[in-house]
Every structure is written in structure tokens, then in C-alpha cells.
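Data first, discussion second: the structure below is written as C-alpha cells.
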């Protein structure tokens, strides 16, 4: 019995040694699910001779009878073919169309006294549920492979990111830059096959935007999409958080159907206007400090879980002059690195601070500029003209007092004049009345120099 053990070991070693020789010459071909593959078989004689293709179960797939193509009873019957034009050259190909994972097998070509074996491994790579995904969602790629295989997969995204894995690859938090063609390579037995998958990330072109406006100017908000779909249906809403308000509120709601926009509800203050076609476009009639703040536009697409988001910010500037103070202010979300300045035209800045309000006391006459800038780049500018003032601050008040006194004196003088004139007329009227009475009574008046001849009674 002890002598039998070494013999069995020797037999096993011989089998292992002979195994590579039995499989020597077997070619490995990788195919893609749904594609077409050509398995080659070349005869030593460059002429048309009889050949047969069989599977590992020795079931005939196809062959020839002279110049005619014959097919066997295999499950591939309606999906196989051969290039007859190459038979005369001793090339007898097996063409398998619309490959399936279950087509993975060892195919045997018998031509003349030759026998060739080709191992076909069919792989499939598919994306989870849909290739149209919302920004921020996860992408999962699943590899279908034949039993017994142990492939590795490496994918490269459009933005150049490499992902490696086995039969499942996952990418979380998709970004807009991930939209495009993904190239995935499957490796098996030192052979490789390449897949290309088109992924569309549904998103706005910009995650956020900021609009700078002077007080009173018209404001335009635009929300262009980063993708194109023939039939786009959904609904959206713009919520706004004003800087001066304690809570946010809905400014407008709308529906989207076949790229046409219809407004469902809009606030009266402010009363936004919305374009009727894509891209989504909103108009605010006037930029006012009470509207400065941040908004969030959401778009829910039909048959999609989740929403698209775009943040929009409004910064409003106001330049005012009140008595001796020239003020420049901004409202809305601004970066701490932004600089606010007040300067006289063509001169150096009088004041420049990283704050939301600056001012100048007793400003010189001329055109003043209120500037909001970032690293020297002017983002917003508002001009205000300061008129010349009096040399001393007392004179305007003195003129007002003097004017008031002069007006009062003139009023009193006119009153006295009219009063004296009225009194004089009344006295003159009394005298005339007295003269008439005396004349009617034939009495002399009290004026002897005029009526002395008629002073005595008749």
C-alpha cells in the first residue's frame, strides 16, 4: 500500500505537467455584450476545404458543404455567420452577432486534420437604472461576467478621475464635470476589452451666481441648463432670503413642459417677470436694498428623484449725500475680501475699507465714485455729484434769518402803508361830507380863507 501512494502522486504530477500541453495554443478572446465578435481559424492550406465549428459540447455550430454554408442545431443558429470570401484563402471565421454572456464558451474549429480552440469570454458593463443622473447623485457600474472568470475593471471619468474595482464600481456625488463618455477597461487573462458609457449629469451650468446692481437698476437672473433633452417636463420654485428679512419666502413657482415655461404663482412685492422658454430667465424690475440677499431656485424633473439646485445672490449699492455726509453702502452677500471705496473722480480713494458702508464728511465738490472691487477689479460702481457749498457754514443760516426778518419788515411796512392810506381816505371822505352839508345849509365852513364871503346868514 505504501508503494501505491508515490505512484498516485506521480500520476498527479504527470497530469499537471501534461495540462499546459493540452491547452497550449488555445486563444482567449474577450467580447462585449450586444456586440459582434469574429473567431478566426486558419488552415495550413490556402484553399477552400471542409471545416466545422463546434462548441465545448461538440454540438455543431456551422460549417461548409463545398461552397455552401451549413448550420448546426446550436442555440446560436440565428446569430452566426462566416466570411465566405475568405474561404479560398484558408480563413474560416466564426462570426457571432449580438453577443450574450451565456455565449461564453470554448469553440472548436476543425479544418482538415487541424483543430483549433478559442475561448470566448463575454462581458457586459451597465450603469444603474439610468445614465441620466442628477448632480450629487451616485453612479454605480455593474460588470456582468461569465462563471469562473475573475476580471478587474478600471474606469476613467471625463474629468480624468480613475476608479478601480471588481464587478461593481460606485462613484458618489457626481459633479457636472462627470458628464460625458466614461471609458472602462476590463482585464482578464492578460486580455482586455474596452467599454464606453455615456453619462449625462443633469445640472445647471453654474452651481451659484451673483448679480451686482445699483439701486433702481433692472435685475436679470438666468438659470441655463448644462444638458439638452428633447422633452423636458417638471416644475420649479424660487425661494428668497432677503438680508433684511427674518425668514425666506417663495417669490415665484412655475411649470415646465416641453421646454415651455408657465408661471403658476408670483408675489406682488416684488413682482417678478419670467421668460416663456428655456433657458429659465427671471426679471426683477428694480434693485432695491430690501431685495438684496440670496435665493435658491429648484427644478424637479419628471420621473427623476431629487431636484436641481442653483443659488443666486443679489448685491445692491446705494450712494447718498445727507447734509455734510457722503455715504456709500452695499447690501447682500459679499465676500470679506471685497473692498468698498469712495473717491473723487480722477483722484486717489478718500476712504477704502473691507466693510459694507463707508462715508466722507464735508466732501469736496465734484463727481464722486462709490466702488466695490475684488483684487483691483471693479464689480460695481455708482456715481454721485456733490455741489459746491458756502465758504462758512454760518452764512446759509444767516441768509435764512435775514430773509425772514426782511420779509417780516416788508409785511409790516405794507400793512402800515395800507392802514395809513385807508385812514387818510376815510378822513377825506368825512371832510367832503361835511362841506356838502354846510353848503346845503348855507353855512360857512371853518375855513375863513376860502369861505369868508358867505359866513353871515342871509
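Placed from the backbone N, Cα and C atoms, the Cβ positions cover glycine too.
Note that the coordinates shown come from a computational prediction; the quantities given were computed from them, not determined experimentally.
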N-linked glycosylation site: annotated position in Swiss-Prot, out of 57, 325
325
Between 375-396, 397-418, which stretch does Swiss-Prot give the note transmembrane segment?
397-418
Take every residue in the domain 'Ig-like C2-type 1' (126-203), average their pLDDT values, and give the whole-number result.
91
C-beta crowding around residue 328 (disulfide bond), within 10 angstroms
25
Within its own chain, what residues at least 6 apart in sequence put their Cβ under 8 Å from the Cβ of residue 41 (disulfide bond), listed in sequence order?
51, 53, 91, 92, 93, 94, 109, 111, 116, 118
